[in-house]
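*Asks:* Before I ask anything, let me first share the structure, which is written out below as structure tokens.
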């Protein structure tokens with residue numbers, strides 16, 4: 001009986017690992033039919049005979065993103081929402097542009113590991129491990145360097161140079177998602193009760209009120 005239960009548990013664990021990332025395709029491709037009213041995990045496939053080159057194409061990744069903002073950075077995501085042919089393929093990418101001292105602030109991708117390659121400039125990058133260690137693992141990267149951010153962990157990239165920087169990120173999901181920590185905590189809609197955040201961060205409620213007002217305006221403009 002114990003042996004049978006162990007087998008069931010092991011099979012359940014194996015199944016959970018298999019289902020922990022984007023599902024594998026069962027045909028050559030599954031171009032997303034974004035007009036379909038059917039709700040599935042991802043997108044319904046359109047008729048493969050209707051697929052064409054435009055379904056697998058995105059132009060202009062050579063063009064710099066606009067970094068004229070308070071953070072001095074811009075992310076151009078190329079995921080299934082931009083290339084319908086990425087549906088079920090479990091991969092996407094992004095171009096990240098940085099003004100001098102620009103920051104891609106602490107954030108997480110809930111559905112993807114990220115592999116970052118610096119194309120131009122110098123970046124200070126890092127990620128924080130989960131509780132209870134919360135170790136900061138960081139490195140200074142130059143052009144040609146590659147760094148990996150494990151799935152779900154909070155990470156950042158900062159341009160520590162006097163010149164612009166550019167990086168390309170590959171992500172292990174057609175739709176990796178992004179949660180910017182500060183925006184989510186202080187800019188949620190509706191707002192998280194100030195008493196909760198004041199206790200969590202061990203600061204005065206006035207500090208929370210100020211941060212919420214700033215991030216809420218940013219998130220809702």
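Cβ from N, Cα, C; glycine included.
Take a look at what TrEMBL says about it:
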- 104, 109, 114: oxalate binding site (BINDING)
- 107, 109, 114, 155: Mn(2+) binding site (BINDING)
- 30-45: disulfide bond (DISULFID)
- 59-209: domain 'Cupin type-1' (DOMAIN)
- 1-20: signal peptide (SIGNAL)
*Asks:* How many other Cβ atoms sit within 10 Å of the Cβ of residue 114 (oxalate binding site)?
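*Replies:* Excluding its own Cβ, the number within 10 Å is 23.
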*Asks:* Measuring Cα to Cα, how far is residue 45 (disulfide bond) from residue 114 (oxalate binding site) in Å?
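*Replies:* Computed Cα spacing between residue 45 (disulfide bond) and residue 114 (oxalate binding site) is 26 Å.
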*Asks:* If you count Cβ atoms within 10 Å of each one, which of the disulfide-bonded residues 30, 45 comes out on top?
*Replies:* 30
*Asks:* What mean pLDDT does the predicted model reach across the domain 'Cupin type-1' (59-209)?
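*Replies:* Here the predicted model's pLDDT, averaged over the domain 'Cupin type-1' (59-209), is 97.
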*Asks:* Whole-number Å only: compute the distance from the Cα of residue 114 (oxalate binding site) to the Cα of residue 155 (Mn(2+) binding site).
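*Replies:* Each residue's Cα considered, residue 114 (oxalate binding site) and residue 155 (Mn(2+) binding site) end up 10 Å apart.
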*Asks:* Neighbour count first, Cβ atoms within 10 Å, every protein chain included; then name which of 107, 109, 155 tops the list of binding-site residues.
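*Replies:* Result of the Cβ crowding comparison: 109.
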